[in-house]
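For 104, 107, 132, 136, the entry in Swiss-Prot reads Zn(2+) 1 binding site. Feature annotation from Swiss-Prot assigns Zn(2+) 2 binding site to 123, 126, 144, 148; the stated evidence is sequence analysis. Residues or ranges marked as compositional bias 'Basic residues' in Swiss-Prot: 1-13. Among the features that Swiss-Prot reports, compositional bias 'Pro residues' is placed at 14-23. Look at Swiss-Prot and you will find 1-34 tagged as region 'Disordered'. Residues or ranges marked as zinc finger in Swiss-Prot: 104-148.
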């Protein structure tokens, strides 16, 4: 890929703007509307919060000055927020965001449900879970002690992530100085970036943005080593998706030197993949394959952010470029409207990051037409999951659908940033794209092809022995 600067214009972060005084609302008296069930993984996740901690979704909306999930969705979709959304200053923003995590990790009590003699206080070790009294904390300690250390990292990362949103944290970039085949995991990637990486991190640690970030939080700034580790984890979280796509290309030996460029589809894309996405976020994919003639990455899903919605071009790409675009639709509908009509080229690879079809009948129903389409058209497909348990469950679904599994296992480019299960804080944190599965076509069809290749041709001509 041709070298170019990563210092581009950054999109505005969510508003931190003056707003009218709004009196505190009793969340128990006014219950903001929750979304209707559907194929949106964002909506399903939001609904699930209420089953784990009754009243938590309403608490989140209330602290963000919102009346419904639709208003919340409008913000994470990149749309224009309602007038009531906003914060007087950065300090208030962090305070209100932290308020959305305030519930007793043991008895699940929310602030409005506490008696006057109780108050929620956080664990002093991790600063990430809350308890309404010492008895709940003691009762919860056997479970919490197993994850307290990791949750401390989560709490730091949650603050540091704001530097990505504001654009103050610019990831090191540029053509790889090492041979691509030498970069097999994060250790080799970090070694390759070497001095460039350390220079970037040290400059940010000493920056005014870092100072103001922790000053607005009103709590002590962690040691430099802690912040350094957090920045590296955040970096892997951003780069995990493009490098995991590269893993799929390597595994399937896809030709990236195809005239006109290669087409990659990210299906089931949500705000996780598309919110505040920037044009250079997938440049690392191009550097992974310096011989590429261009990558066209199209994100398809009902939760694709408005920032990414744009028409995808079928025109040939400039060699070494990565073009990002998005379509808000279910993939099988997108296929009928764009691929079958010839508007867009067939994909060289389809990827689904955490599709979750194993988790609920509703998601499986939404995913089934897409999975069958990918199988029947023999489209090279990569999916990722959070855990070994999800890997096994997803493999079982794919085996039941008679897909031909090519490879699966631990992802060498998994995110190193631990993710807290929002409404179950003592559940073991997970890591994005920790495991992967690659499949193509139908398993029984592959067996049939193999048998045909092994059987002798009944109509082959056998030459007579001249002797």
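Glycine too: its Cβ is placed from the backbone N, Cα and C atoms.
In this structure, residue 104 (Zn(2+) 1 binding site) is part of a beta strand by DSSP.
Looking at the zinc finger (104-148) alone, the prediction's average pLDDT is 94. Most buried of the binding-site residues 107, 126, 132, 136, judged by other Cβ atoms within 10 Å, is 132. Under a cutoff of 8 A between CB atoms, and with a sequence separation of 6+ in the same chain, the neighbours of residue 144 (Zn(2+) 2 binding site) are 105, 123, 129, 426. In this view, the densest Cβ surroundings among the binding-site residues 104, 123, 148 belong to 104, judged by other Cβ atoms lying within 10 Å. Other residues of the chain with a Cβ within 8 Å of the Cβ centroid of 123, 126, 144, 148, the Zn(2+) 2 site, are 125, 128, 129, 145, 147, 151, 152. The Zn(2+) 1 site, placed at the center of the C-beta atoms of 104, 107, 132, 136, has further neighbours from the same chain whose C-beta lies within 8 angstroms: 105, 106, 108, 109, 118, 120, 131, 133. Between the CA atoms of residue 132 (Zn(2+) 1 binding site) and residue 126 (Zn(2+) 2 binding site) there is a gap of 16 Å, rounded to the nearest whole number.
For the pair residue 148 (Zn(2+) 2 binding site) and residue 104 (Zn(2+) 1 binding site), the C-alpha distance works out to 15 angstrom.
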